[in-house]
Amino acid sequence: MLKLPIYLDNNATTPLDPRVLEAMMPYLTDVFGNAASRNHPFGWAAEEAVDYAREQIAKLINCDAKEIIFTSGATESDNLGIKGVFEMYSQKGNHIITATTEHKAVLDTCKHIEKLGGKVTYLPVNEQGLISLEELEAAMTPQTILVTIMYGNNETGTIQPIREIAKIAHAHGALFMTDATQAVGKIPVDVIADGIDIMAFSGHKIYGPKGVGALYVRRKNPRVKVTAQMDGGGHERGMRSGTLNVPGIVGLGKACEVAMQDMEADTARLSAMRDRLERELLTLEESYVNGSREHRLPHVTNISFKYVEGEGLMMGVKDLAVSSGSACTSASLEPSYVLKALGLSDDLAHSSLRFGLSRFTTDEQIDYAINHVKEAVTKLREMSPLWEMFKEGVDLSKIEWAEH
Amino acid sequence: MAYSDKVIDHYSNPRNVGTLDKSKKNVGTGLVGAPECGDVMRLQIEVDEATNTITDAKFKTFGCGSAIASSSLATEWLKGKTVDEALAIDNMEIVEELALPPVKIHCSVLAEDAIKSAISDYRVKNGLPALELTHH
């Protein structure tokens, strides 16, 4: 029997891989030492575990273990990267470039930078969700200290041209940072080949635990430094104070090791499953994929179903745990700003569903999801006056709607 | 958000979904709301002119579960009522019946607007002045 509801919201968070839990268990129980305790075996065991995790992570992203700063998650990493560069490089300039489709952890941090007197350029994206390299080039100034563009988008899965962006940033003497929370562990991310100077990511998006993340900070060519945003014991080479979350770090390390080992097989299986889900749902009339289908993470699809209202749709797909571009699923009343940045109208943004598959998603679950969504959309359209009008050839944009 | 059992019931088994022939003189149509706001209701009534009684009511709604339930419930209530009785339906009765939370009260308001708009359309078709519709 299929267990309901089916979890297809893996861009929000992933379940812990049993292999990761197993690696963490000793550090939640017997091996509880503080990694900063230098004078007894409890501390040494914890430090050894942390160092091993650093190696596991470094292998996955092709960096040196010393270049990993542990944090509480990607939000903290984004904050530390951006604010840390802004403070550290204030002599050089005060201009940061980012994009409108970034995660709030980047956008709100940039807003904060503006309050501190910094200048921020928010690059628009095209209907595929991609920034324009020409616009990036044009936005670079001698005061530009940082370009921060996410690797893969959390809502659409769109992958930005990271290497080209890094080249442009470097050509103008700026650092390149990327929020790679959705990409690390899912697709090959190589900080050397990609030209990344600073990179934020977290544990719980890659079958690791919540509450742990990391910031990669390059140590040579160039040597990058960020000003600490948390003052205290001077942990993590002085860039992030606070007692290390040893079990979390062990989990993140193991999650990276497993990701490296399983990536190829996971990608092949998940992209085939995702493509089948997408192909089937696109057989519904007036359904559209949001974002680039060419440059995209393998496990994500975001689809809008026109003439169906988002909250009604969410209620109709109650057997699925998915995310929607509709305001009703979040605290704000505005529909997804990411989808709106792609040029979607409010109604199309409202009526979107995001499917995020995981290592643990099965073909049987996808079969169920396909039928469930098809039934819900069909039923709601039979109930929708807009669908009837569309079918009769009425141009809905010509109607004078009574705003309420 | 947790929906009441009655909302779930109307959403899962909506009553009177459909379309009446709007060209008929004794059919009144109300179309309220806007796609950008996330709710559009179309509510129609068919009136027996001899008795001034509503003999049939149909709806189609683009909106959330509460909007669908509000309009479904409205069509149930309309059938068998006289036009004057229908005019007296207050949105708060819908709120109470469906146990709508405060953030969903606008769905009931829209349903009341749809009823009044359909009656007004019927009146105009039959040579009576339109109703003064107060948009909420």
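Each residue, glycine too, has its Cβ placed from N, Cα and C.
Range with TrEMBL annotation coiled coil, chosen from A:85-119, A:260-294, is A:260-294. Proximity to chain B, taken as a Cβ less than 8 Å from one of its Cβ atoms, holds for none of the recorded positions A:Thr75, A:Asn154, A:Gln182, A:Gly203, A:His204, A:Lys205. All protein chains included, A:His204 (pyridoxal 5'-phosphate binding site) registers 23 other Cβ atoms within 10 Å of its own Cβ. The maximum pairwise C-alpha distance among A:Ala74, A:Thr75, A:Asn154, A:Gln182, A:Ser202, A:Gly203, A:His204, A:Thr243, the residues recorded as binding pyridoxal 5'-phosphate, is 30 Å.
Rounded to a whole value, the Cα-Cα separation of A:Gln182 (pyridoxal 5'-phosphate binding site) and A:Lys205 (N6-(pyridoxal phosphate)lysine) is 7 Å. In this structure, the C-alpha atom of A:Asn154 (pyridoxal 5'-phosphate binding site) lies 10 angstrom from that of A:Lys205 (N6-(pyridoxal phosphate)lysine). Of all the binding-site residues listed (A:Ala74, A:Gln182, A:Ser202, A:Thr243), A:Thr243 has the fewest other CB atoms within 10 A of its CB.
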